[in-house]
Amino acid sequence: MAAEQDPEALAAARPLLTDLYQATMALGYWNAGRAREQAEFELFFRGCPFGGAFALAAGLRDCVRFLRAFRLQDADVQFLASVLPPDTDPAFFEHLRALDCSDVTVRALPEGSLAFPGVPLLQVCGPLLVVQLLETPLLCLVSYASLIATNASRLRLIAGPKKRLLEMGLRRAQGPDGGLTASTYSYLGGFDGSSNVLAGQLRGVPLAGTLAHSFITSFLGTEVPPDPMLAPAASQGPRVDLAACAEAWLDRVCAHLGLGVQEPHRGERAAFVAYALAFPRAFQGLLDTYSVQRSGLPNFLAVALALGELGYRAVGVRLDSGDLLQQAQEIRRVFRSISAQFQMPWLESVSITVSNNIDEEELTRLAQELVSVGGQPRMKLTEDPEKQTLPGSKAAFRLLGADGSPLLDLLQLAEEAPPRAGQELRVWPRGAQGACRVRPAHVEPLLRLWVQQGQLCEPLPSLAESRAFAQLSLSRLSPEHKQLQQPAPYRVALSDKLQALVARLRAGGSS
């Protein structure tokens, strides 16, 4: 199966991104004559992350790309030969060289779907040896992406729909692949953009970024810009020396704020001027390199007001340390005061961005104040009910109320007729003592066919489309399930037939 010729193919995982035991089991299947036996595995989770009641499904696009590119190269096979027993049948390695995913079928939740414990995110069907080798990499691709998307969605719920959330964690990410994944799926989960340029190039994630402290500290204040002149935004009128204009404004700003004109750091001001000359229509100030109140804020205001005289509008400031909430409130107060004093009404709405390890607790504190931020069913039996698997090939449906809100997810055997809207159903909620009845107003099939016999069945949604779908899905979820602390569990139930099969296998002790 040929890989897509697209820039993202460069980011596809390699076939040996797997556990050694997958290769040893593959050899075991080969020796037992079971390599081509049809098999199916499901990827699901047992508990929602972060103590919540939901997760977002993500990573499908990466999985499809991996499957379409899957082919063991000579170097891969040679390495496996070096770690498997030396008397391994050479025909096994020839079989590995010929492997691809042309006989593999994949059903999955669309990216951005709500996902709940026990409901498959992904079903993979194909030759036993092949799907065994696929298990670990697919788990890796889906699990981390879904974790990141879920975390981002929780932060979006805290911030609300209007505040701007940006991901800037690349420098602290778990390696290049982890950084690209985090940037990509933070966006899918509800963030507005990322500082990661590669995520913009490969995945289309909107890019955002300003400047770092190192840029500001590199200026001493003695530098002379090669060309300090800036033309008005309307391109009419004479060019103006921006540095000189900022110095004039600094006198007025410091007088209003009760500061000495020598207090704001000269190097910081020179850095702001240099940045404003390069980006007059997108000027932003990082305020906490020295002192926010005595240096960063007055220097920013001096340059922003100088730009304002020429018809440009500064777009924002950023805080990266200290008590972010207290500082943001004081900055907003100063913006309003300066706006009124100098008749610059646009200054009141300049955005305030905060950064520096913003977690759920800190964002909750900030949110209200800031404007930017093989054909036989098998079942694993264990004394731990949480680790028991459900047998057989399954279908999954979401039962919805009349208002479109999810009531519960229903798991049933694939051979069963799908539930119908308006039909009364007897179902068995997992973790409950008995059955209950439900009559859905609407029914949604959850697992869509994406790959059949190695061929893509329909175009995958774009990342932006999956992001929009995630927000729509969350908007339909009941508030009691969206609570970040002690949410009400969402119900996942079994059909009568699946429940009976589970009971029979438990009674018979199958494993």
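Using the three backbone atoms N, Cα and C, a Cβ is placed for every residue, glycine included.
Taken from TrEMBL as is:
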DOMAIN    16-143  domain 'Nicotinate phosphoribosyltransferase N-terminal'
DOMAIN    394-501  domain 'Nicotinate phosphoribosyltransferase C-terminal'
Return the average pLDDT for the domain 'Nicotinate phosphoribosyltransferase N-terminal' (16-143) as a whole number.
94
Mind checking how the domain 'Nicotinate phosphoribosyltransferase N-terminal' (16-143) divides into helix, strand and coil residues in DSSP?
59 helix, 20 strand, 49 coil
When the domain 'Nicotinate phosphoribosyltransferase C-terminal' (394-501) is classified with DSSP, how many of its residues are helical, how many are strand and how many are coil?
24 helix, 38 strand, 46 coil
